[in-house]
């Protein structure tokens, strides 16, 4: 839900991360996909009996957790979900979202503040400038505070010289210098390295993004195996809860005192290292968190209730499952069952579209026939609707609660900043880290208590494969698996689904610009406009509220958009982002602009990823959702380091971040032709060809089987 690093969302027909994911340890195959495929004409087997959809579908009050006897088809990853586990899943997002928002704002400001103080320690004076780093130098009067002087002596000056007035007055604002003037180091270079103080965070982001990209490529499949899914959540929670507490507690004393220069340097290194660790831990845990969505959607109480009722009817002989041929004949004889179903769905009031149960009620129980007798949809179709509805409902509620938690924690952080006072510039920022660390630790603990392990298949396969795999390290084996699946996914799209590949290429290019903008915004406004902790509180609070409102409003509208309308919505949202770096290059001469840009950008940026996932999901072949949605994550995160590297290089060459931000705008600009030329109709045709089995017929059925098969054990 932290839209700062890529906020999440979905809609009734988008199911981010896929409600029907065919991932190891879960997916459509595990919950009757044979029936679904056969109805679509893609499965080699006839549909199984309805009773084979599930085993022990009536968990009742049983809270035995991961006991496989409770699971669907005996799969321990598909134990029935209850409302307690779903609420715990939401709680985990409430714990992690404020951490992600704090990292790119207050923590970034803390690292930059330490670096700025260290750069200022090399000179006895600083300089006060109007509005931004390149603005007009402010001049006032330096007043002597010598108690022995008969009269106070004042002289025109630009800043208090520590060698004349003492080190305690070095950062004091001279008389007559306006409140819009901010202090900046005369020499922005860090002693001993020559690195601009603003570049410290830029290169921290570079290391973070490079490490996160490598993690996605190599270990994106980690959550599919054994107990790594729950273990990843626990390890990530420990890291991103403890790290901010450590960074908040450790203080160099007065960082502006030259006597504390070495302590400030050491604290800077520690804060920067923990910044990187927290970013990586959050992303790693987020991958494991997303891996729960398909499993919870398939075992959602609403889905199980529908299946349980259908099974009961089958046993009593009161219902009959219709196969694809039956429905085709029924549709021909009744002048279009599908047309009447669409008409029925269109009659749902707009305000009910954010209640997926309303849609499911119409689909599952609606009478679409003109006569007295109802022709119901097949159980497989109704279950598919229910799964997708459950996944979209959870994908919308999780970020909504995440945004709410960001708003609440931001208010608490404002209290911490105000309580710290002005005597120490960075004390209030350190306290904001303590607030978010305590929040994520306590709320995350409550969430983890209710989330079940849901173990996947073992990491190593049987036989010779097992023997070979045990001779290598576990992580090396997993890295080979993740890399192989990523390469296979790209090859499959290139050969059989070029429209989807075009969409992903556009996402790579645009994510470089947007990811760089997001990760460098705090350092930019601090370096250029002298932004402080209170400024960031206003910024984060305003942007979070607007993002919450815009995503809630969009979730009502989005279900009524068809594929082509969603494509143009995505294009317009991406096109709007070209404006942000251009604005930062030519503007940002006044402090109000650092609040104005997030206000304007939040309604656009917060809806980009949900819209992309919706368009992508509609074009994704059934059974390949897990592999291909993992590829979306790679394309969104794995290449953003390029932008940070460009910004850092141009900052070193020109002394300004503005040129770097203008340069990275070229990436999102070059992505627009790809989004413009994306053809949803061709993508739909390619998807259906793959679902009908044409890819297997042309390919021999072996090269890409790993992306769909449950048997993905290493070996």
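Backbone N, Cα and C define each Cβ position, glycine as well.
Here is what TrEMBL records for this protein:
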type: COMPBIAS; residues: 311-329; note: compositional bias 'Basic and acidic residues'
type: REGION; residues: 15-48; note: region 'Disordered'
type: REGION; residues: 310-330; note: region 'Disordered'
type: TRANSMEM; residues: 197-219; note: transmembrane segment
type: TRANSMEM; residues: 231-251; note: transmembrane segment
type: TRANSMEM; residues: 263-283; note: transmembrane segment
type: TRANSMEM; residues: 401-419; note: transmembrane segment
type: TRANSMEM; residues: 431-448; note: transmembrane segment
type: TRANSMEM; residues: 536-558; note: transmembrane segment
type: TRANSMEM; residues: 570-588; note: transmembrane segment
type: TRANSMEM; residues: 628-653; note: transmembrane segment
type: TRANSMEM; residues: 659-678; note: transmembrane segment
Region pair the transmembrane segment (628-653) / the transmembrane segment (659-678), three or more CB pairs under 8 Å: yes
Spatial neighbours of the transmembrane segment (263-283) far in sequence, C-beta under 8 Å, 6+ residues away: 5, 96, 99-100, 103, 107-108, 110-111, 114-115, 117-118, 121, 200-201, 204, 207-208, 211-212, 215-216, 235-236, 239-240, 243-244, 246-247, 250-253, 255, 637
In contact by Cβ distance (the transmembrane segment (570-588), the transmembrane segment (401-419); 3 or more pairs under 8 Å): no
Among the ranges 197-219, 231-251, 536-558, the one whose Cβ pairs under 8 Å to the transmembrane segment (431-448) are most numerous: 231-251
